[in-house]
Amino acid sequence: MSNTLLITRGKNWVEHTAMMQLKGLANLKGVVKAVGLPDLHAGKTPIGVAIVSEGIIYPHIIGNDIGCGMGLFNTGIERKRFKMDRWVTRLNHIRELADLETVNPYDEQSPIYDLGTIGSGNHFAEFQVLQEVFDPAEFEKLNISKDDLLLLIHSGSRGYGQSILREFSDPQGYLVGSMEAKCYLKKHRTALLWAERNRIVVANKLIDYLGYASQAATVIDCKHNFLEQKDHLFIHRKGAVSAEVGAVVIPGSRGSLTYIVRPTDKVEESAYSLSHGAGRKWARSLCKSRIRDKYDRDTIRETKLKSWIVCHDADLLFEEAPEAYKNIDMVIESLLEFGLIKIVAALKPVLTYKG
DNA sequence: ATGTGC
């Protein structure tokens with residue numbers, strides 16, 4: 001009997017390569033269940049998976065960016081204070097976030113050497129506003145209102161996670177109870193802590209840089225690259241979030257809505273996991289040639305939702321274009337069809353910043 | 001993904 005499950009509905013396209021990669025992980029020693037979430041796509045290891053194992057752990061499934069995730073913050077800034085032209089100009093002045101002074105508000109020294117940076121690739125900082133409330137009772141628990149300017153930070157443990165993976169990169173995995181497994185789990189825990197702290201530090205740095213005295217209040221923080229022990233099992237989540245820690249934020253691309261959802265009590269089926277986003281549709285290397293002719297240097301920066309992106313990396317603008325991602329609605333509908341979520345609210349991007 | 005590999 002197969003130990004593999006793909007959570008998807010008819011219209012949600014999932015590439016064959018990613019499915020093969022998922023089956024590869026399902027066949028690893030000690031793997032008891034392998035779940036592909038609707039945003040499953042191919043990578044060095046597949047992204048959008050929850051892999052449950054017994055007696056052995058596989059750090060390479062988690063990958064280099066241990067603790068990477070989405071932090072949704074209430075900026076304490078009123079939505080009406082947002083002025084597109086002024087904010088774009090101001091953010092354009094940042095060459096790199098590393099150039100701005102970072103204050104480490106924690107007692108310990110950060111193992112992330114460049115704390116306060118978001119990194120590159122698919123990482124971003126995005127100002128958002130409330131678009132629609134679907135479940136008023138659940139929405140009320142979030143402590144946000146239609147007047148609030150929100151900030152979504154996608155980042156992780158930067159070079160620190162990378163250094164941990166280098167130490168524990170054996171694709172054969174490590175036996176639970178071994179010195180190596182214990183050591184990995186300890187460092188992994190530190191990476192999770194500091195990846196979350198990094199999201200908070202970045203959020204506050206941007207709020208401060210834009211001239212506001214308020215502090216970022218965490219609405220939701222959900223990591224999507226991590227290993228969780230559950231009873232005698234280990235759940236490897238790579239591009240997947242836990243469905244057991246309250247509301248979850250599932251963003252689309254910079255040109256689509258972000259959903260706040262509430263997991264249901266049926267999530268055992270998906271290894272207590274949900275999608276982390278829309279998922280890539282196009283490989284990075286294909287993006288530029290496919291859409292270059294459609295845009296000029298300005299129009300590539302605006303979206304259907306009238307949001308804008310500040311980004312000094314010309315290639316990244318194409319690699320991270322909305323077209324490169326799947327339709328978030330297909331992902332959400334797949335999760336709904338399997339009875340795994342209820343939609344709480346939708347947010348709309350207004351301004352994205354990328355490294 | 002990456003205080004980036006050749």
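Even glycines carry a Cβ here, placed using N, Cα and C.
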Of the candidates A:K182, A:K342, A:K348, A:K354, the one that TrEMBL places in the GMP site of A:N122, A:H123, A:F124, A:A125, A:E126, A:H224, A:N225, A:H276, A:G277, A:A278, A:G279: A:K354
Alpha-carbon spacing, A:H123 (Mn(2+) 1 binding site) to A:N225 (GMP binding site), which is rounded to whole Å: 13
Binding-site residues near A:H154 (Mn(2+) 2 binding site) (Cα-Cα within 10 Å), from A:N122, A:F124, A:E126, A:N225, A:G277, A:G279: A:N122, A:F124, A:E126
Which same-chain residues, if any, lie at least 6 apart from A:H276 (active site, GMP-histidine intermediate) yet have Cβ under 8 Å of it: A:L37, A:D39, A:G48, A:G69, A:M70, A:C222, A:H224, A:G239, A:A240, A:V241, A:I250
Candidates A:H123, A:H154, A:H224: member of the binding-site residues with the richest Cβ shell (10 Å): A:H224
CB within-chain contacts under 8 A for A:F124 (GMP binding site), separation at least 6: A:I118, A:L152, A:I153, A:H154, A:R254, A:E320, A:T352, A:Y353, A:K354
